Amino acid sequence: MTLVAEYAMEVANIDLQTPLVLKQEEVPFGNSFQGYGKLCKMMQMGIGAVLGPSSKHTALHLMSICDAKDVPYFYGHMLQSAEAFNLHPHQDDISKALHSLLIAFQWSRFIFLYESTEYLNILNTIMALYGPNGPIITVLRYDINLNGNFKSVLRRIRKSIDNYIVVVGSSETMPEFLRQAQQVGIINEDYKYIIGNLDFHSFDLDEYKYSEANITSLRMFSPEKLRVKELMLKLGYMYALDEFQNGSCPITVEMALTYDAVQLIAETTKHISLKAEPLNCTDRSDGVTEDGSTFKNYVRSLNIHKRTLTGQIYFEGNVRKGYTFDVIELQPSGIVKVGTWNELSNYTSQRLKPTSAIFENFDNTLVNRTFIILLSVPNKPYASLVESYKKLDGNNQYEGYGVELIKELANKLGFNYTLINGGNDYGSYNKTTNTSTGMLKEIREGRADLAVTDLTITSEREEAVDFSIPFMSLGIAILYVKPQQAPPATFSFMDPFSEEVWWYLGLAFLGVSLSFFILGRLSPKEWDNPCPCIEEPIELENQFTISNSLWFTTGALLQQGSEIAPKALSVRTVASIWWFFTLIMVSSYTANLAAFLTIETPTTLIENVNDLAENKGGVVYGAKRTGSTRNFFMTSEDERYKKMNEFMTKNPQYLTETNQEGFERVKNSKDHTYAFLMESTSIEYNTMRECSLKKIGDALDEKGYGIAMRKNWPYRDKFNNALLELQEQGVLAKMKNKWWNEVGAGICTSKAEQSDAKSLSMENLEGIYVVLLVGSGLALLHGIISWICFVIRKASNHKVSLKDAFTEEFKFVIDFSTYTRELKTSASIYSRSRNSSISIDTLDANNTQNI
């Protein structure tokens, strides 16, 4: 909204001698108290006019203040107030537009769905326009529970006899309304909608384009308008100069009206100067804006259409007039303009006239012929009985993918058809006896012409009947439960790091501890007087024992600390590097531990067909007792499938009569130890509606569904050609999307899959190990050099042989049995050369002191 207002200012200031300046304040949505404070502060600085906030509640509060101070106030909501200029169409005008559409569409009864009581004024006006002889209107509030769940009301509509629906509601709830209506199953070819929301063009409508529901709405501007494209470019929509996707547009009515309000203010300032005088609204002062009333009166006299997005603007009082609505309709190609409405001429249709052709690819050889077609009922989504309060008969009682496929073929080829329930036995063929069963038998014996269902094309069946080209490709797959959350392990706290990292961390811990111990013995500054009160100690003590070194390293790793404080530079270097190392390691561990605690780590007993064949985790499996899936395993030469066939033969209790029975068995199996083998298309359909199930692994084979017909049937080629055309035109894909992903679906698709938490490996942390290794190595090198320099200085001060001094010092360093050093001992080479004792600190400072 800020970008829209700023761009509108840029456009308006082109022709203004005194440019407009935009001042803005952000207020939490619906916070009228804070909005009052911000507006008063702006008034104290001086403002000429106000563009109201998006919140209707806050807008009503602020416009009363502006009215008291005579400050012009502009807004764009479906909200009426005599205190400000509303650029949004009045509710009565929206009612007139809807009434014109209802008259044009000849709706004799319909359902009026509304969000809240503020929309009932639209209904009142429609009823007044109809008069006493109006249609039958069922009035329902779709947000009856105020919790965003509209399905209880939508289910009532599905059971109702009415399928014409008028919906009025806010732009916040309307997209969710459409989504839930689709899930309930009332967005299809049987329903017609009029959406009384002017933001319909800005919604994401891709998933409804192929629903075949007739959805009509209104809009105030076309996305093809040049100024709309320029605004879209300003907002960062780089594709604005190209064709708009599906005819939709992200510019909302509120954005467009804000833009137009700025143009209206700019046009007025060309004739009436508006002084932005400081005003005080906190002490109940009587000060008002000079020329404020004159400015408002001039606005009411204007009639402009240049540089506006929503067309002509003029006011009758404070009610905006002059606009024209585009009547738009959602079609497979997107949003299409089908007419216009304005107050003078009402609704004017601009639809293209339908073609006069009765059938595509008209062929009189099939016209007026009637075929008997077998379905498998119930067998969603291919065929099922229509849910209705009244009894249906004939073809009207069936719905589904197969029913719609036959309908499309009949429209192309011109034949009539009678649908019959052929049961769940698709049939098999016995070569030896030349007999068949099920649907194949009905077709061979002439009691049926076609069978349209999930009938797989197999070599065995092709010996009994002919098939059309496949209308759907698929393969055998495994239906199983989704991976479940793994039970907490005893040592799950170790999961944030990989096993390799833990091993290297242990080695680093021991290595650094050993570095402290070695450098502590090498560094003279780490040998301290154990009794500070004695000025001339007879021995020195080292704090870095093996146990103390391990304790110091442990304290740093656990972010605690210890009483040990290193003094030598080399030891302090190792300590600093270790502290940095532990900081990174502990931070990485903590961060990844949080991920492991918040993200469920799913586990599954089987991951592919190999696991299933080996009965991994005790998982058993089955398939439909008769049919192509069972035949696949019986005739396969693959060793895995032979083994699985042997298992199913020995355990017939795991086989089912129908796919639905197998689906229910997987869903209700205890401990998730049952998997079912079925066609991938059926798995896709079921997993879209049952969130706890999923397809495991890849398809085991490739095959297709075809329409079964009698051998050497003369119309086979015509059906094949029609199927090819439906495939090329995208009709088959649209139908599958409708029956798989739209009707009754959408339950599981909104849940985003959680990303797995992974243990940090050496690839993630090797850098900090390198830092630790290099730092420790440099510290160790410095410690050794410092020790060598110390021995050289000590030998020089005591005037002893350098070799003897190194020998004695090295023997002491590697004597790990003691952590104290006697300064006055006759065994030392230093006692034979001098009768004085020199302290370590004195030697280190190159100063001698006689004892």
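Note: Cβ is positioned from N, Cα and C throughout, glycine not excepted.
Automatic, uncurated: that is what TrEMBL annotation is.
Counting every protein chain shown, the Cβ of C281 (disulfide bond) has 20 other Cβ atoms within 10 Å. For C40-C281 (among others), the entry in TrEMBL reads disulfide bond.
Positions annotated as domain 'Ionotropic glutamate receptor C-terminal' by TrEMBL: 374-742.
Assigned with DSSP, the residues of the domain 'Ionotropic glutamate receptor L-glutamate and glycine-binding' (381-445) fall into helix, strand and coil as follows: 24 helix, 15 strand, 26 coil. Sequence annotations record features per position, and here TrEMBL assigns domain 'Ionotropic glutamate receptor L-glutamate and glycine-binding' to 381-445.
The number of other CB atoms found within 10 A of the CB of S628 (L-glutamate binding site), across every protein chain shown, is 22. Annotation comment: TrEMBL describes T456, R461, S628, T629, E679 as L-glutamate binding site.
What TrEMBL lists as transmembrane segment is 501-519 (among others).
Residues or ranges marked as transmembrane segment in TrEMBL: 577-599 (among others).
For I606 (site 'Crucial to convey clamshell closure to channel opening'), the same-chain residues that are 6 or more apart in sequence and have a Cβ closer than 8 Å to its Cβ are I478, Y480, L612, K616, G617, V619, A675, I696. Among the features that TrEMBL reports, site 'Crucial to convey clamshell closure to channel opening' is placed at I606.
Residues annotated as disulfide bond in TrEMBL: C691-C748 (among others).
Residues annotated as transmembrane segment in TrEMBL: 768-792 (among others).
The highest number of surrounding Cβ atoms within 10 Å, among the disulfide-bonded residues C40, C691, is found at C40. Comment: L-glutamate site residues T456, R461, S628, T629, E679; largest CA to CA distance 17 Å, whole number. In the structure shown, the C-beta of T629 has more C-beta neighbours within 10 angstroms than that of any other entry among the binding-site residues T456, T629.
The separation of T456 (L-glutamate binding site) from C691 (disulfide bond), Cα to Cα, is 27 Å. On its own chain, E679 (L-glutamate binding site) has D454, T456, L474, G475, I476, A477, T629, N659 as residues at least 6 apart in sequence with a Cβ closer than 8 Å to its own Cβ. For R461 (L-glutamate binding site), the same-chain residues that are 6 or more apart in sequence and have a Cβ closer than 8 Å to its Cβ are G427, S428, Y429, L440, L455, F467, S628, A708. Compute the center of the Cβ atoms of T456, R461, S628, T629, E679, which mark the site for L-glutamate; besides them, the chain residues with Cβ within 8 Å of that center are Y426, D454, L455, I457, T458, G627, N631, F632, K703. Taken together, the residues in the domain 'Ionotropic glutamate receptor L-glutamate and glycine-binding' (381-445) have a mean pLDDT of 86 on the 0 to 100 scale.
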